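So that you can see what the record holds, here are the features copied from TrEMBL:
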TRANSMEM  41-64  transmembrane segment
TRANSMEM  73-96  transmembrane segment
TRANSMEM  108-125  transmembrane segment
TRANSMEM  137-156  transmembrane segment
TRANSMEM  176-196  transmembrane segment
Amino acid sequence: MAPSRSARLAAALIALCAALGVAAGFIAVFGRTGSVPATAWIMVAYFTNLTGLVVAVVFGGIALRRPGLSQPWLVAGTALASLLVGVVQRLLLYGLRELRGGDLVGDILLHQALPVLVPLFWLAFVPKGRLSARDPLLFAAYPLAYLAYTLVRGAFDARYPYPFLDVGKLGWGPVAAYAGAIAAAFLAVGWTMVALDRLLARRRPAAG
């Protein structure tokens, strides 16, 4: 897609929110560890932070007119991942700990702002009629790869970033149940996006 000026401005704002959210979290964690490598290792354990980085790169690319980063399927997949971050945080993690300073800023930007702004960008600015029924399966590769990464990482250091993935405390059965439920919801929302994409395409024909 060739983004309009308004789309590029909106993308720049979203990229800035993502970058600031990750940076705020990094500063907060660094304040507790005093070590850049240790802070980076902790930060990349979280799906929220990784997704924030993806959003910063994709939407920064849109703002800078990088065609490879403005593909409709990539923006849709990024929107779906951002939505997953917000929903999981609200349903499974909200209120588990009190947040202050950089932790609070990061929470607001990554868990509250981006899960709204990124899907709205997809609705408002991305050409419709470009998604296929296979795309949600492609999108699911990202959270599934994250799940595998988290379980392998946890097997070595016995630390899990999210309580519902803590095999040591919950066991494999409950973790598999949580992961399966999240995956099913992710795919269901993904196919809903495909259906909405097709519906909107009939009302507003895709460019090209």
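In case you wondered, yes, glycine gets a Cβ from its N, Cα and C as well.
Annotations in TrEMBL come from automatic prediction, not curation.
The transmembrane segment (137-156) makes no contact with the transmembrane segment (108-125), as judged by fewer than three Cβ pairs under 8 Å among residues 6 or more apart in sequence.
When Cβ-Cβ distances below 8 Å are used as the criterion, the transmembrane segment (108-125) is approached by residues 3-4, 6-7, 10-11, 13-14, 17-18, 20-22, 24-25, 48-49, 51-52, 55, 59, 75-76, 78-79, 82-83, 85-87, 89-90, 193, 200 of the same chain, each at least six residues removed from its ends.
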